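Here is the structure we will look at, set down as structure tokens.
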């Protein structure tokens, strides 16, 4: 069983000064307000109500932390970080400014951040705001793994095209970097439970969870991103 299944809520943060003062690794989840981010987090952690999604897209404007650790462990060994969804037009200007600043500052400056899970609707990958998120994060030299969510909405050929185009975009970003960084992508469907184990392997590897260390002799570190 994945240790992610034992994730539990830790804290909510509205300012960078309130981020947990810990040294444990973090994996952040980012995406547009309607990309299915909260649902995907719940599925990956095998829980129904770990991450809450507002009925009104764009309402959640805080950073939510979830601790990853065995149930009786006194301290977390890692964190999952649910970032505010972006791109919803009805958010007020002042709230949007604060929100964008919180997002950009966190992904660019948080030293504990080990990697970014970027969720995009498979029907509309790489919107302008998705590109902005990638461009904020790339200079950190840390990996990005794209989950093309709602893959159940597309045919097999449409999914193949979306994945191919996403990987091509990521290759373009990789060419801009002086030092190679893993920029990978996969198809994902919460409804059909597609791609769950692959995404869990990526996250476990970034967080150095015991399950990833146990699997290391059998598979190479780059394998999780190599889905077809």
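Every residue number used here counts from 1 along the chain in the order it is shown.
Backbone N, Cα and C define each Cβ position, glycine as well.
The shown structure was predicted, so the numbers you read here are calculated from the model rather than taken from an experiment.
Swiss-Prot lists 31-38, 58-62, 82-85, 149-152, 183-190 with the feature GTP binding site. As annotated by Swiss-Prot, Mg(2+) binding site applies to 38, 60. Under the heading domain 'EngB-type G', Swiss-Prot lists 23-209, citing sequence analysis as support.
Here the features listed in Swiss-Prot are painted onto the structure.
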residue: 31; record: GTP binding site; DSSP class: strand
residue: 38; record: Mg(2+) binding site; DSSP class: helix
residue: 62; record: GTP binding site; DSSP class: coil
residue: 85; record: GTP binding site; DSSP class: coil
residue: 152; record: GTP binding site; DSSP class: helix
residue: 186; record: GTP binding site; DSSP class: strand
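Local packing around the Cβ, expressed as the count of other Cβ atoms within 10 angstroms, is greatest for 85 among the binding-site residues 38, 62, 85. Around residue 152 (GTP binding site), the same-chain residues six or more apart in sequence whose CB sits under 8 Å from its CB are 189, 191, 192, 194, listed in sequence order.
Taking CA atoms as the reference points, residue 62 (GTP binding site) and residue 38 (Mg(2+) binding site) are 13 Å apart. Applying an 8 A CB threshold to same-chain residues 6+ apart, the list for residue 31 (GTP binding site) reads 37, 85, 86, 118, 119, 120, 130, 149.
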